[in-house]
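What TrEMBL says about this protein:
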- 639-648: compositional bias 'Polar residues' (COMPBIAS)
- 661-678: compositional bias 'Basic and acidic residues' (COMPBIAS)
- 685-701: compositional bias 'Basic and acidic residues' (COMPBIAS)
- 35-105: domain 'RNA polymerase Rpb1' (DOMAIN)
- 167-259: domain 'RNA polymerase Rpb1' (DOMAIN)
- 268-540: domain 'RNA polymerase Rpb1' (DOMAIN)
- 639-708: region 'Disordered' (REGION)
Amino acid sequence: MNLTPAGMSHLNCSLRGQRTKAELWSGAAPGHVTPLTDVDVIVCDGYLASGMLDKSQIGSSSGGLVHCVYETYGPRTAAHLLNGISLLANRLLKFTAFTMSIKDMLLSADANHDRRRRFANLRDLGLCAFADAFELDPGALSESEVRRLYRQAHFAPSTDQTLCKRMLQLDNAMKNRLKRAQDAVCDAAIPSGLYVGFPENNLQLMVHVGAKGGMVNAQQMSVALGQIELEGRRVPLMLSGRSLPSFPPYDVRPRAGGMCTHRFLTSLPPQELFFHSMAGRDGLVDTAVKTSRSGYLQRSAIKHLEDLSIQYDGTVRDCGNNIVQFRYGDDGVDVCQASFLQQSGLHLFADNAALLSTRWHALMGGRQQHAAAYQRLLEQNTLPRPLQVIADQVGIQRQMILLKSLSQNKLLKLFRKAHRAKAVLAETIEQQKQLSRTDLLNAELPEAPCEMADALRALCLAKLISAQAPPGDPVGLLAAQSVGEPSTQMTLNTFHFAGRGEMNVTLGIPRLREILMSGSSVISTPCMEVPVRPTNEARRCCMRISKRLYKLKLVEAIRLPLLETVDYTSDSCTLEFQLEPPSAYADRSHVRPARVLRFLERVLFPDLAKRLDRELKDQGKTTLIRSFALSALARLQQSGQRGSSHSAGATDGFDGDEEANAEREGGRAWEATRARDEWNEDDGHETAHESHTEAASEMQRKPHKKITDFGPNDRFIIRIFILLQTLESRQQLWYF
């Protein structure tokens, strides 16, 4: 089958195999494979000398044989190549049909025995993972102790961050250990342990050439189903502590958490069948629910970007002529035509220099042929030497006349603007000088001089010019579809990989919705994995960074429950906040007690007062929040020298006498307000508002005393005094 166009030379290319690996024949590790194999595709003078034509060569992947033909001969020849391969494959299937049978899934006797032995050793893996998650010694754990700790973490309240993290750590530790063990079993069984080897094994042939299916399907048929996951987590526990009624409560064995060691070939037990059915239903729900969400995500992205296009000046603008990018992709190159402009693709230009120079002759400019014409035009449009001198003098005189016509103020303004512009644009101009297209191209080319170096550089430059994105190209639609279409497709594909955690890609849909639709600067679930060097200094640095980034919650810094005291004689309610010592959270945060006090004083207490006042007004009650005093009784330390304890206190806003005065003033104001209500002169709301304003202004005028120095064993008690009007309105406090 000769598809070379008339008048053009033959194709030369060498393409590395991407899907079919050489170890499929030999069964050896990838590092011990001889280089002389049939994996790499070699075309010499248009003749297929070696290689297998799989999906990576004749499919839609970049850098394949069809892509090389498209780059060298154009789209028409590439279409003829695809038609020829299709006719040849259909003719071959008429004589030799393709089918698979049970023997393609079978393992050899030794491989099957090794598989059972490896899976039998997984029974003790759950206890080791539990010990890692709870930071305990697996040898010192009894079965009753494991169940007690597991139950405690299972029923832990959401406020207990330590126990809640234990469950997540248990899931992660179990999944990591099981994944390593399962990968070891699969690598030992496939392909070296198959009863029928490659390429006689039609199942493996179909999977590796990319016709249909994947390695996950082959492993589930021949080796094991693996760990079943539901929305990225292991199978959850019921209230009884069981994942299924057939397992004991709080069983840490991998099988109780969804690990399926059986395969489709030899059937599944009822427990694993139920786990697999749960995963299948989860994938079915994802296909039904998240398809609409990903579709709306794609529609939203298209509606936001549909007006972006490339203009004739190379910029990317919207419908309002606003510049979004000065150059499309910062280089103006169409990504569909830029794959061979990388260093790994320059071999195509070197192997087919004569062929590409014939095709891109117009873009290369034909400099040798047009050099004489250019010189002739230059001589015809150049003045003789005497006339050129006169023209230069006339130009200088013209510039002097124009300068004299301008005022001095305008010249000074122009010079100032030019100086500022030079200072601002100096760095940008320098970058543009250093990163020109030709310099970037020269950096990619080898420095060794050769006869074809200039020709190769000219070919790459011609390709760079031809790869420029054309004006009018709807780049906004392309970008939106490039993001939206894969998200919809990967949602549909989850149905075929039920329960496999590595194939569960629908968890990224909420993240895409958050990025593209919410656009919040505060990420709800920030997560980042940073590799750390295995040194003590790096570990200490990471601990310092983690303490600075840790978000300490108020419930971790105060003792619960709060102490409430209601004084019916003075119509007051007292809340006592007891702060934990710094040693309670020093291992995970750098926050000091002084910062906790500032938060209580500046954020929590004012917010509590506003919400309480608003709630009481909504209920039709009248309140006099006359005194809102913060008292910090600090430094209840044991003194070894004196043998007695002492306390040092400081107040923010009011002293002790002033608190009593404030309470008396509040009581008199309450009596006055009640009297006026009885006389129908005022309903009390205006008086409450005025008294609240006076109290707030009085607290602002008084100097606040700060507590900034505390010992590690100090105990803090903070009391809040709130004056209320009636006993009925006092009950509203318990909402907070």
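Heads up, residue numbers simply count up from 1 along the chain you see.
Placed from the backbone N, Cα and C atoms, the Cβ positions cover glycine too.
Bear in mind that TrEMBL entries carry predicted annotations, made automatically and left uncurated.
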Point to revise | Helix-strand-coil residue split for the domain 'RNA polymerase Rpb1' (167-259), DSSP-based | key: 42 helix, 7 strand, 44 coil
Check your understanding: Do you know the mean pLDDT across the domain 'RNA polymerase Rpb1' (35-105)?
Key -> 85
Point to revise | Helix, strand and coil residues within the domain 'RNA polymerase Rpb1' (35-105) as assigned by DSSP | key: 37 helix, 8 strand, 26 coil
